[in-house]
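Peer 1: Okay, these came from TrEMBL:
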DOMAIN    87-167  domain 'Cadherin'
DOMAIN    168-276  domain 'Cadherin'
DOMAIN    277-391  domain 'Cadherin'
DOMAIN    392-496  domain 'Cadherin'
DOMAIN    496-618  domain 'Cadherin'
TRANSMEM  613-642  transmembrane segment
REGION    753-774  region 'Disordered'
COMPBIAS  753-770  compositional bias 'Low complexity'
Amino acid sequence: MPERLTEMLMDTWTPLIILWITVLPSIYMAPMNQSQVLLSGSSTGLKRLNEEQRVLHRSKRGWVWNQMFVLEEFSGPEPILVGRLHTDLDPGSSKIKYILSGDGAGTIFVINDKTGDIHAMKRLDREEKAEYTLTAQAVDRDTNQPLEPPSEFIIKVQDINDNPPEFVEGPYHATVPEMSVVGTFVTKVTATDADDPVYGNSAKLVYSILEGQPYFSIEPHTAIIKTALPNMDREAKEEYFVVIQAKDMGGHMGGLSGTTTVTITLTDVNDNPPKFAQSLYHFSVMEDVALGEPIGRVKANDLDIGENAKSSYDIIEGDGVDIFEITTDAQTQDGIIRVRKPLDFETKKSYTLKVEAANIHIDPRFLSGGPFKDTATVKIVVEDADEPPVFSSPTYLLEVHENAALNSVLGQVTAHDPDVSSSPIRFSIDRHTDLERQFNINAEDGKITLATPLDRETSTWHNITIVATETRNHSQVSRVPVAIKVLDVNDNAPEFASEHEAFLCENGKPGQVIQIVSAIDKDDPKNGHYFLYSLLPEMVNNPNFTIKKNEDNTLSILAKHGGFSRQKQELYLLPIIISDSGTPPLSSTSTLTIRVCGCSSDGTVQSCNVEAYVLPIGLSMGALIAILACIILLLVIVVLFVTLRRHKNEPLIIKDDEDVRENIIRYDDEGGGEEDTEAFDIATLQNPDGINGFLPRKDIKPDLQFMPRQGLAPVPNGVDVDEFINVRLHEADNDPTAPPYDSIQIYGYEGKGSAAGSLSSLESSTSDSDQNFDYLSEWGPRFKRLGELYSVGESDKET
């Protein structure tokens, strides 16, 4: 094939090449300067140009052919000659050197520097590069000096039909509705050809269908695919595979071609009605099925898909139109039959329904094909079930007076077994609804009786639940609510709504309303409350107060006269009888407390105490509070003054000026233990100055001058402690230098005969390191702990 293509191209283009090389250069001649550059493919044109130049004796440049052409994909045994460069300055002595530069110079295009011939050294592809821009120049071979300015020219690569058409966007997918008419647009395909669309027919494409007829057709030049057959049915065949060809050279012999595939899918339209799979359906259901429970499914098949296959179901005829209902399952498009009302086997044992299925979305174009609906018959058989008891009423309302006698019958509930077997029924009260067990029920006949007294004022309504159970099957149970309303009887006497205390002004006027009181009654008569007010019979002719009934069922207390005085009587008690209008009427006596008070001129109460009346005239309560505060302040000042004076008293013992109470006397000697009676004198701690002499008493004048008190003498071991203390007490009582205040004399003597010995550290060794407390562990658990503490202390010191 390549050899044949090359041979064909050579036969076609060789005369043209000779024509361009020999003729066209002379057409594009133009005047030049003294030097000329000529691009030519033959010497004939060059000689003719030189002869004309000599005849005219012109020294200007006469040119220039500025384009050359070369065929693409040309492959011969030798490089192909593209053209020749020549100048008038070349006398043929080989002193001129031709130089070529630019696109592909030296690699793709090579020039003979002596003759100026340009050859293509490589195979060229127009689709890669359509033209090359080069620059030619003639220079002196010896000096390399330019003989004329450089000239630019173009070498164009001429196209041949070497690229087949290509469908870049293929393969294609398209859709078209089923049942479309002939010529309905499906899709458009596009092919591209890399060859030159301007030169020749290499890129002129023609489209055709290789596979997919007779269903589809294609426009040869626009590549638009259309339907070629009418009424293509998706349900018969949904997908078509079409092969499209694009051929260049206008579709003529020798042109190149490319193919692509188009997958065409028919989309659905609603052209098929729903159809039940069977004309008769049978279902059975238990009579105790719950309401809304599905009992069966029917299905109308539709060959269409999606929205076109959706159907709605309806019960159009039958004896169970109001007993059953049918809905559509959105997922499966089934018709679901459900129970709408309770079933009763004993009443009706079977039902017959006519069910219709109809398309929701109907295409008017296909209405002529018939109605898009279908019907089927459904028979439903009701089966017997062991049902629970049925009460005669879904709820019961009973009324009873609150004073009803115990065990009196409030009402009755009834129930029966709806089954054919008709089991006996037993009644009971759900005690969760009657925690206080106020009611009972007869298990046989369902009569409800009173078990405990009722009080409407405590609870007006009682809601209990009665349970009916079959004796043959205890699992069959029914419940019914019973509401019991407690009716009112007049069993509560009226009384004051609140504890009232009236205030009567001393400067009040006769007939003035002192207080308005109201009453309440816990009972609730049908016609409302109506109270009667009266005074006690012995208080009817009360000289001070009277009463008046108001229209709003309240009572006004009025003063009969003025001039009441707190000094004469501060408090009045007025008993009032309150009666209701019940049958029989009830009454109670409530006492109103009336207090006499001092009021301002406008009737404002200021004080109701008798003591306030005897205060001096013109002295207000604020003034009294101020006086009392001043008295308390004076008392506080006096107490502070006395306290400060007591702290400033001189001490009872006369001391020198150098006596400073803050002196600290330290004693390092701890004593000798239990039997050490030569302990320090406590008087030394209380009065350090008394060591060297006595201090005279300031509050008394002694008759005799005693010698200074000597230190305490040691007590021998044989002296009893009682005798020792008495001697010391006698000395202290008769010592005029002793302080007048109580003091404590401490004597470190325990007596003799102690079995445990002394625990004092005073008799211990002078060296702490020689002490050993291990012997304390032998005295018992309490002393063992003491020994451990001492041992730890010693070890800490060593550390």
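Just so you know, glycine gets a Cβ as well, placed from its N, Cα and C.
Let's see these features in context: how buried, what's close, how far.
Peer 2: Note: the domain 'Cadherin' (87-167) comprises 0 helix, 36 strand, 45 coil (DSSP; helix = H, G, I, strand = E, B).
Mean pLDDT of the predicted structure over the domain 'Cadherin' (277-391): 91.
In the domain 'Cadherin' (392-496), helix, strand and coil residues by DSSP number 3 helix, 47 strand, 55 coil.
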Peer 1: Kindly report the helix/strand/coil residue split of the domain 'Cadherin' (168-276) according to DSSP, in that order.
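Peer 2: The breakdown for the domain 'Cadherin' (168-276) reads 3 helix, 46 strand, 60 coil.
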Peer 1: Count the residues of the domain 'Cadherin' (277-391) that DSSP assigns to helix (H, G, I), to strand (E, B) and to coil, and report the three numbers in that order.
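Peer 2: Across the domain 'Cadherin' (277-391), the residues distribute as 10 helix, 57 strand, 48 coil.
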